[in-house]
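S.K.: Below is one structure. I have some questions about it.
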Amino acid sequence: MRIVLLGAPGAGKGTQAQFLMAKFGIPQISTGDMLRAAIKAGSELGNKAKAVMDAGQLVSDDLIIGLVKERVAQEDCKAGFLLDGFPRTIPQADAMKESGIVVDHVLEFDVPDEVIVERMAGRRVHSGSGRVYHLVYNPPKVEGKDDVSGDDLSIRPDDEEATVRKRLAIYHEQTKPLVDFYQAEAKSGSCSYLTIDGTQAVEKVNQLLSAQLA
């Protein structure tokens, strides 16, 4: 069960990733976690990555692919794995394919931009406790105030509307082309491709994924 998740930030991939990991007993592979682990372990690729990062440069696709290949060969990936946030670009997807990393299912979580903006820009947090509210879905009893302490609520920088829209623009420019890439792969029989309406209730999406991936 080798899965790639696609979808804009705020489309609900993280929630479903947790569900899929628990259901199928597969690990989630994050390139950031992999880089940190490889550097800590002092592996050859880790040392190369550290040198690049220490010089303030971006880690190359070749290095990342090497790390992914190393990671998916580990024991806990025997039953499969879940890739979220990678590949991000067509060259990365091509390089993955060329290096023999097989993908069984590509799941695209489709949510309109305006819904994502509402979801994320509507969040308010109480910095002292970490309590999270939402102007639409879970509003505080008193506008702008924490229910328990009465302190002012704030907006996380990542949830500012301008930031959300900027991240969405980057997603559409860089990652959206992967939809075409993997749909073409599915047509050729290399993998299955499933588009999921991410505006549905979490439980409904859980059921849909269980049925489709059974």
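Backbone N, Cα and C atoms are what each Cβ position is placed from, and that goes for glycine too.
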S.K.: Which of these, Gln74, Gln183, Gln200, does Swiss-Prot say binds ATP at the same site as Gly10, Ala11, Gly12, Lys13, Gly14, Thr15, Arg123, Val132, Tyr133?
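M.R.: For the ATP site that includes Gly10, Ala11, Gly12, Lys13, Gly14, Thr15, Arg123, Val132, Tyr133, Swiss-Prot also lists Gln200.
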S.K.: Whole-number Å distance between the CA of Arg123 (ATP binding site) and the CA of Arg88 (AMP binding site)?
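M.R.: Roughly 26 Å, rounded to the nearest whole number.
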S.K.: Let me spell it out: for each of the binding-site residues (Thr31, Gln57), count the other Cβ atoms within 10 Å of that residue's Cβ, using every protein chain shown. Which one has the most?
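M.R.: Result for the most crowded candidate: Thr31.
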S.K.: Tell me which of the binding-site residues Gly10, Gly12, Gly14, Tyr133 ends up closest to Arg156 (AMP binding site) in space, Cα to Cα.
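M.R.: Sorting the binding-site residues by distance from Arg156 (AMP binding site), the top entry is Tyr133.
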S.K.: Taking the Cβ of Arg123 (ATP binding site) as the centre, how many other Cβ atoms fall within a 10 Å radius?
M.R.: 19
